[in-house]
Amino acid sequence: MAPQLAGSSHSSSASDQAHRQSSDPALESGSDTHVGSIAPKTETDFLVSFTGDDDPRSPKHMSSARKWLIVAIVSSTRLGLSPMILAPLSEFYGRKPVYVVSMFFFVVWIIPCAVARNIETLIVARFFNGFAGAAFLSVAGGTVGDLFPKNKLQAPMMVYTASPFLGPELGPVIGNFINSYLDWRWSFYILLIWAFAQWVSISLLVPETYHPVLLRREAQRLRKETGDDRYYAPIEKMDRSIAQTIIRSCYRPFLLLTLEPMCLLLCLFCSVLLGVLYLFFGAFSLVFKDNHGFNLWQVGLSFLGITVGMIIGISTNPFWHRNFMRLLQNHEAKTGTVGSSEPEFRLPPAVGGAPLVTIGLLWFAWTTYPSVHWIVPIIGSGIFGAGVIMIFSGVFTFLVDAYPLYAASALAANSFSRSMFAAAFPLFGQAMFRNLGYQWAGFLLAMITLLLAPFPYIFYRWGAKIRQHSRYAGAK
């Protein structure tokens, strides 16, 4: 948020009116000459800013219902390179233009997917379709931060975190039903209808929330109404170009992955988990078709186990929020500074979720026998799903707090690495399950997550010391 406007806040409508209706000729003419002991105005007096979270112009002042509606829309609309290019544009033009334009092209590129006559057309169309839709992976997190103060961020961030996982799990349920009774092209036709509805919702219901852009609009309004060109917003003083910002956005995530062990290892953990999630698209088809004779739509329903597990993981948020507030209060009592916090306080959900993903994968792996009832491996996948959502919630909020100046780059690094793993794992998933056997393939995945599971706790316990030696993270 920009610095608070000095004095009586010339950005308020009351002071604007007083300024315009003043009977002092010097004031009416825009002169800095004042009578009595009033000091001449400085440039800071014309800085347009919010007076706090309770400022009616601030997105944080919106009603809770409106905030959650915006979160629901931008979270349900949602791979690697696009966020690095599209996200910086929101720093210049705001969130909404990026949403509206990106979603429009997302809708447009679904059409050639639906009418494609060869695989080449489908691949090219899907590439541009994903490129357009990926803007929400990075920009939507910023919208959530625009709407909620820091101490109330965990619940909406949990919903935002869950959205890119609930989609892939509900997709096979809906898609397999469609493909069982209709032509495969109807999967894209229905997606086209849904995406168009989302685009309309974004265009009509989601306002601009990016604070610097809102303040720029306010400064423009004040200049127009008062005729005084000295009013300005901080964003209007930026000396960097769009090209410079995009270039920086493209290379800084790789610097974080290369030079920051915390960012690298947590992004690696998230990437493996998303890769396993996408690998299940092929593995579930093998396990439940071969072992239990499921047809296409029944295989789709088997993904509901992961969905239910994720919903259970989301429902644990009140517990983690209370834990965060307890850590915050203890830290305030220790330091004597009200509102002081540490990024590591965001990691307990990831610490709790790490053993769940390993347990869930082991459960799934060693219950994939024809003699074991089909519900048992599905329960294991649900445990895995609960752990995944808890880990991502903790890691996302930690990255934002640990790299305050480079939060967008940290999330872009996470998005890029996750997208690469999600694209690669399905390519070898079915071959691995066939060659190693269902049990040993699942066991291998569990052991990989076991190797990565200690890192959330390590960074929770010693992260502050590690940050002291970091060039990007905020040191303690």
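Even glycines carry a Cβ here, placed using N, Cα and C.
Per Swiss-Prot, region 'Disordered' is recorded for 1-38. Per Swiss-Prot, transmembrane segment is recorded for 69-89, 96-116, 127-147, 186-206, 264-284, 294-314, 347-367, 372-392, 403-425, 440-460.
Just going by CB pairs under 8 A, the stretch in 127-147, 186-206, 294-314, 347-367 that sits most against the transmembrane segment (96-116) is 186-206. Among the recorded stretches 186-206, 294-314, 347-367, 372-392, 403-425, the one sharing the largest number of Cβ pairs closer than 8 Å with the transmembrane segment (264-284) is 403-425. Ranked by the number of CB pairs under 8 Å to the transmembrane segment (347-367), the listed stretches 127-147, 186-206, 403-425, 440-460 are led by 440-460.
Below 8 A, the CB atoms of the transmembrane segment (127-147) and the transmembrane segment (372-392) form no more than two pairs separated by six or more positions in the chain, fewer than 3 in all.
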